[in-house]
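Participant: Feature annotation from TrEMBL assigns compositional bias 'Polar residues' to 26-48. The compositional bias 'Basic and acidic residues' feature in TrEMBL is assigned to 55-68, 89-104. Look at TrEMBL and you will find 76-88 tagged as compositional bias 'Acidic residues'. According to TrEMBL, the feature region 'Disordered' maps to 1-104, 586-605. Residues or ranges marked as transmembrane segment by TrEMBL: 135-154, 174-193, 200-224, 230-251, 263-284, 296-315, 366-385, 405-422, 429-452, 464-488, 500-520, 526-548.
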Amino acid sequence: MTKSTRPLAIPSHIEGTRTDDILSESMLTPASSSTGWANEDVTSTSLSGRGVGLKRLETEIPNEDDRPGISPSREDEADDEQDGEDNELDRSGNERYRDNPGREVEDDLEIASYSLNSYTPEEERQVVRKFDRRLTMFLAFLYLLSFLDRSNIGNARIAGLMDDLNLSSGQYEWALTAFYITYICFEWMTLMYKILPAHIYIPICVFSWGVLASMQCLVTSFWQLVFLRALIGVSEAAFSPGVPFFLSFFYKREELAFRTGMILCAAPLATSFAGSLAWFIVWVSENGPIAPWRALFLYEGFPSIIVAFIAWSYIPDGPGKAKYLTPRERKVAKLRLKAGKPKHEIKKTRFDWGEVGRTLCDPKSYLTAFMFLSCNVAFSSLPVFLPTILHDMGYSKLTSQALSAPPYLFAFVVVLVTASLSDRHRSRSFYLIILALVSSATYLTIALTGYFHSHLPTSVHILIRYACLYPAAAGFFSAITIIIAWTMDNKPAGEGKGTGMAILNIVGQCGPLIGTRLYPDTDGPWYMKGMTVCSLFMLLVAILAFSLRILLQRENRRALADAAGIASAVRETALDREEDAMLRTEERDGATERLMGPGVSKSPAAMEKTSQPRFVYII
């Protein structure tokens with residue numbers, strides 16, 4: 001690609017502005033920029049030998065003839081068509097560069113050299129809308145199936161599972177625990193999204209848990225049930241924890257919370273759907289050839305097997321390989337993500353194990369992980385015990401199945417609303433603290449109602465306990481969504497995001513080891529101990545979120561202070577006309593070193609290292 005130097009006139013509203021004002025406006029802050037990097041290339045742009053003028057800035061941009069997909073000319077359209085013919089597309093839409101295996105990497109680096117204005121906002125919105133409709137909604141459906149197969153054992157319990165297998169309360173708890181033991185042990189498989197093609201990896205996971213969940217209808221003993229539950233934990237650990245990480249391949253970090261919310265709101269939707277579906281299956285199967293609980297496992301597990309074959313040809317491996325995007329939209333999808341990264345991140349083509357090590361040693365990774373653990377105590381316990389809790393309130397089995405649905409439908413709406421507001425205001429801690437405190441308060445109210453039940457009419461304490469289930473469920477479902485998005489936000493590199501999600505899930509999924517043992521039959525019908533424990537853990541979430549907010553605020557102040565120091569050095573040089581004139585001579589490299597000392601190197605690599613930005617965290 002040949003390049004030329006073209007002067008760009010400063011807009012009229014900036015013309016006449018002092019250079020230091022211009023530079024100060026270019027500093028990236030969480031409120032004014034979506035890249036997340038402070039002082040991106042301030043020094044390298046200003047000291048690269050061309051200086052900074054007061055009214056005109058010079059920058060390198062590609063010639064019109066060398067900008068494929070940018071100009072709407074017929075020649076460019078023909079080039080795009082030729083590219084489509086030259087590069088064979090496989091079943092997932094992946095381009096096979098058979099003649100030149102290194103071409104894909106070159107294309108990625110070439111994209112980074114385009115101007116940030118190479119696509120229009122409307123083009124970007126169109127790409128995001130397609131990803132929302134085609135990718136995120138489909139992943140949400142897969143997550144719904146996974147959560148349905150994970151939690152339907154709670155509905156099977158009151159549909160006859162305990163009686164037919166002669167299970168005690170302790171054995172039932174062990175069946176729940178077996179799932180989470182393997183789920184925790186295989187959390188590391190989140191990194192497989194970075195290594196294996198998603199269109200192959202995800203369908204294998206879906207097919208696996210579909211077969212295993214369906215096979216639960218065949219169990220005849222406690223140990224067979226435990227064995228299958230453990231294997232389901234392996235297959236779901238390979239899929240569910242890495243889904244938010246997979247979304248980061250397609251969305252900017254300020255877009256992640258809402259999309260993560262779209263995925264995770266499938267959990268309360270699945271739980272509510274499970275209640276209604278269980279009611280229907282149990283009602284239909286009461287006089288059927290197999291027991292209702294066996295029909296429940298079979299009918300809710302088998303759809304995952306069918307969907308796995310659809311996922312094979314539908315899920316793209318990356319933003320530039322989605323078959324439902326046009327060639328132009330694929331370029332925009334890749335370019336908009338490159339525009340939000342610093343140059344040293346764009347140029348990376350190998351897996352960065354150093355980033356993995358830095359994430360493992362970062363205390364911020366463990367703060368979000370312990371928040372996730374605390375939320376999971378409630379998240380894992382209520383869905384599998386709620387039908388039993390409602391049955392112990394005095395409702396029949398069928399009525400308990402039906403009444404378990406509305407609290408999760410309410411949680412579904414709250415998850416979407418809070419995730420959208422969190423993205424819009426670029427704030428995580430505020431909403432997380434509020435949600436955690438509300439959930440904690442309602443759990444405590446349920447516990448206190450049980451403690452003082454003798455002083456309340458039966459209809460009143462039942463109404464209070466059931467009404468409090470709504471904000472309690474909405475609180476921990478929404479809090480988990482924001483915790484996951486917050487973890488993804490504050491890791492600059494892909495390897496860091498994957499490692500951060502692995503830490504989050506390995507530590508966080510220890511919560512269900514506690515949560516699945518909070519509601520033994522001996523504590524019914526009030527379950528005061530379990531409700532109190534959930535209240536305390538949700539309070540801990542709020543405390544940890546506040547602590548992380550303070551820590552990130554300090555980090556941001558340090559990053560912006562460093563950026564201001566670099567910009568100050570640039571201003572002193574740019575405003576000195578004598579130094580600016582000397583920088584434009586043939587000996588400008590030597591003159592720069594004499595005027596500014598050894599702190600500025602004439603080496604471009606050293607210049608870029610000097611100007612390497614500091615990451616700005618979302619709080």
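Glycine is treated like the rest: Cβ placed from N, Cα and C.
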Participant: Kindly say whether the transmembrane segment (174-193) and the transmembrane segment (500-520) touch, using the definition of 3 or more Cβ pairs under 8 Å where each pair is 6 or more positions apart.
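Facilitator: They are in contact.
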Participant: Six or more residues out from either end of the transmembrane segment (429-452), which same-chain residues have a Cβ under 8 Å from its Cβ atoms?
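Facilitator: For the transmembrane segment (429-452), the list is 371, 375, 378, 418, 421-422, 461, 464-465, 468-469, 471-472, 474-476, 478-479, 482-483, 486, 526-528, 531-532, 534-536, 538-539, 541-542, 545-546, 548-549, 552, 619.
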Participant: Answer yes if the transmembrane segment (366-385) and the transmembrane segment (200-224) have at least three CB pairs under 8 Å among residue pairs 6 or more apart in sequence, and no otherwise.
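Facilitator: With fewer than 3 qualifying Cβ pairs, these stretches do not touch.
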Participant: Check the transmembrane segment (405-422) against each of 263-284, 296-315, 464-488 and return whichever range has the most CB pairs under 8 Å.
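Facilitator: The listed stretch sharing the most Cβ pairs with the transmembrane segment (405-422) is 464-488.
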Participant: Is it true that the transmembrane segment (200-224) and the transmembrane segment (135-154) have 3 or more CB pairs under 8 Å, sequence gap of 6 or more?
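Facilitator: Contact criterion met.
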Participant: Counting Cβ pairs closer than 8 Å, which of 135-154, 263-284, 464-488, 500-520 has the most of them with the transmembrane segment (296-315)?
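Facilitator: Answer is 135-154, with the largest number of Cβ pairs below 8 Å.
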Participant: Hey, which bits of the same chain come close to the transmembrane segment (500-520), Cβ under 8 Å, at least six residues off its ends?
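Facilitator: Distal contacts: 169-170, 173, 176-177, 179-181, 183-184, 187-188, 190-191, 237, 241-242, 244-245, 359-360, 365-366, 368-381, 384-385, 388-389, 483-484, 487-488, 490-491, 527, 529-530, 533-534, 537.
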Participant: Under an 8 Å Cβ to Cβ limit, what residues of the same chain, 6 or more beyond the ends of the transmembrane segment (464-488), are close to it?
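Facilitator: Same-chain contacts beyond the flanks: 244-245, 247-248, 253, 256-257, 260-261, 264-265, 267-268, 365, 368, 371-372, 375-376, 378-379, 382, 386, 390, 393, 403, 406-408, 410-411, 414-415, 418-419, 422, 428-429, 431-432, 435-436, 438-440, 442-443, 445-446, 449-450, 456, 497, 500-501, 504, 534, 538, 541, 548, 618.
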